[in-house]
Each structure stands twice: as structure tokens, then as C-alpha cells.
Ligand code: 13P
Ligand code: SF4
């Protein structure tokens, strides 16, 4: 970022939240249908309310692909804006209002480490014949591209089970990155025992595994995790059930195996929203996912006497999603009004082509 651009952001950071709201609205009116603002469920309320479409990462990737808007402003994190760029037309522009909005889990895997894992695996097995690489959508574009190139696929928390079925129809093993929990929780639900899963520690030679362990494994799980969802503990569920024996527990599959096992329901953010919004009036829920979404659910359901509790006693939220504030959104939009594109996310075409292939394999499953 140039010094002038930084100074300009500095100037915007001083605009009050109230003024931001009015100016964002005004900029949206000027840009009209040329602009599409996408908002992930974890966005804070003052940003989320400006989204033209909201959803989980799967829904938003579909909306981005179908959009005709010239500018797609993604209020989410970096990998989401990359997906919007990959799936949109070449003349559309994907924008992330704050480039520091990354995903700490996505950062736990990178191309060098995954290529090294593939090389090390090939000392023991022939990965191109026996392993389907599956990347969670929470990953950089070059890892999606790696999957495209090696007969692999992308998944989201909504379609992980169908994607794993697709992968096992092709090869006997899966290398799943970067989130070990989504991989383990999904595979276990499909009937794969924990004994058939190993964790690939990317800081150790050969993932810290023996040749025997690699040969016997069906699921090789990358040692990544989400710093938000790892805060939820089985004892939080025990304490809730003791206090509210009739209450229900629902968690995102990025939570640990123990938490998911103790939950009544496990699913993506869209699934969590649908389940709670359609639950009987007066019901009570403990929810293991990001705080902004849980707060929104509590607010939306309180008029009908439905209680929604956050699973952790610590008020943890996704700090990178939180980087997108009204001030950055305003800065982005007012620059667009002046004909200037700031914070464009552009994936190089060579990477995008293979990443698109892996994403398309997922989208073709139509889940
Ligand atoms: P969803 O696919 O459920 O939106 O989850 C994305 C994410 O980053 C959850 O932490
Ligand atoms: Fe990444 Fe976790 Fe934030 Fe989701 S909640 S964007 S996985 S850090």
C-alpha cells in the first residue's frame, strides 16, 4: 500500500460509525447494480446490514459466480474474495475492504508444505494413484490449484460429506487440509473409524508418521485448526446440559471431535441458522460457532421466546473477519464512486485455471 493510500485510510478511520452508515448507503445508491456486496455470517452487524447477499462460504461462492455486477466487494476474509475472483468473469473485480482480513486456519497450510507432504508421501505410496487431495475452501488459491492439478477437489462445511464420498470413489485415501477437525468429524460420521485416520504434522519430517501408519490410513488429516472454534470445550456442553436439561446443542464441524460428539447437531453456518430459526418457539440452544453470528441469532429469535447461548465463557470472535469495519467498507465504496479500485484481489490466471477446476468439481456435485 502506498503512503498516500495509507493516509487516506487513516482519514477514513476517523469517520464515526453513524456517518459511515449514511455515506455507505449513499455510495451504494450511486453505484447501483454495478456493485454487489457479499457478507459472510460472521461479519459484525454494522457491516453485515449493507450486504446485498449474505451466506456461508458455499452460498456466497455461488452468488459470486452468478453475479453480473462489475464490482464484487467481499465482506469476509481473503480466501473468499479469491474464490469470488476465480469464479467471476474476467471483467469483474473482486475487492476485499481490508487486505489484513485473512484466515489463521487457511494460513496453516501453504503450497511449499503441501508439495513437501506430497513428495514425502511418494517415498511410501504413489499419491497420484492412491490419494485424493481435498482442500477446505478456507485455503489459499494455490492450494486449490494444487488439488485441481492432482485430481482433487474443494469442499465447504456444507458439502464435506459428499465431497469425501466423491474423493473415495476415485482413490483409496484422502489428504485433507488445512482443518483436521472438519476432516475427522465428517469422515467419522461416514463410518470411518478414528484408527483409520492419522494427523500429518507439517512441522515434522514425514508428517511425524511411520511408513506403516501412512500405508494403513484412509484419512491423512493436516494438523490445522480454527482458533475460534477450538475455544469450545466438552465441559461447556456439560455445564449447559446440567443447567438446562431440555436445551439443545449445535456446533460447527470446525469444533473438536469431542465437542461435535457431544452436540445434538453439527453443521455449517447456514445449517445452524436454519435449524435455530425453524426450532419451536421457546426452545433453548447452546451454539458453538463465531460470536457475531450467535449474537445475531439470539437477537432474531428472542421475540418468540427462544434462547440462544454462546458456547464459550470467553467472548471469542473471528478477529480477522472483524478487520472489515464500516470505515474500510466506506473507503472502498467511495473510491469506487470516484472510479478508483482499491484492494482488488486478483489470482494469477495460471493458478486460477486449476483452482477453478477443483472448485467446479465441487460445484458440479450440486449440494
Ligand atoms: P462456513 O462455510 O460455514 O461459512 O464456514 C466458514 C468459516 O470460515 C467458518 O469458520
Ligand atoms: Fe478462519 Fe476460523 Fe475465522 Fe473461519 S472463524 S475465517 S476458519 S479463523
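Positions of Cβ are set from backbone N, Cα and C atoms, glycine also.
It should be emphasised that the depicted structure is a prediction, and the values quoted were computed from it without experimental measurement.
Around residue 136 (iminosuccinate binding site), taking its Cβ as the centre, 30 other Cβ atoms fall within 10 Å, counting all chains. Residues annotated as iminosuccinate binding site in TrEMBL: 40, 57, 136, 137, 138, 157, 252, 253, 254, 269.
According to TrEMBL, the [4Fe-4S] cluster binding site annotation covers 103, 226, 318. Counting Cβ atoms from all protein chains shown, residue 318 ([4Fe-4S] cluster binding site) has 26 others lying within 10 Å of its own Cβ.
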TODO: Fill in the CA-CA distance, residue 254 (iminosuccinate binding site) to residue 226 ([4Fe-4S] cluster binding site), as an integer in Å.
DONE: 7
Task: For the binding-site residues 40, 252, the one whose C-beta sees the most other C-beta atoms within 10 angstroms - done: 252
- [ ] Output, ordered by sequence, the same-chain residues six or more apart from residue 103 ([4Fe-4S] cluster binding site) with a CB under 8 Å from its CB, or 'none'.
- [x] 77, 78, 79, 138, 320
Task: residue 226 ([4Fe-4S] cluster binding site) in three-state DSSP notation - done: coil
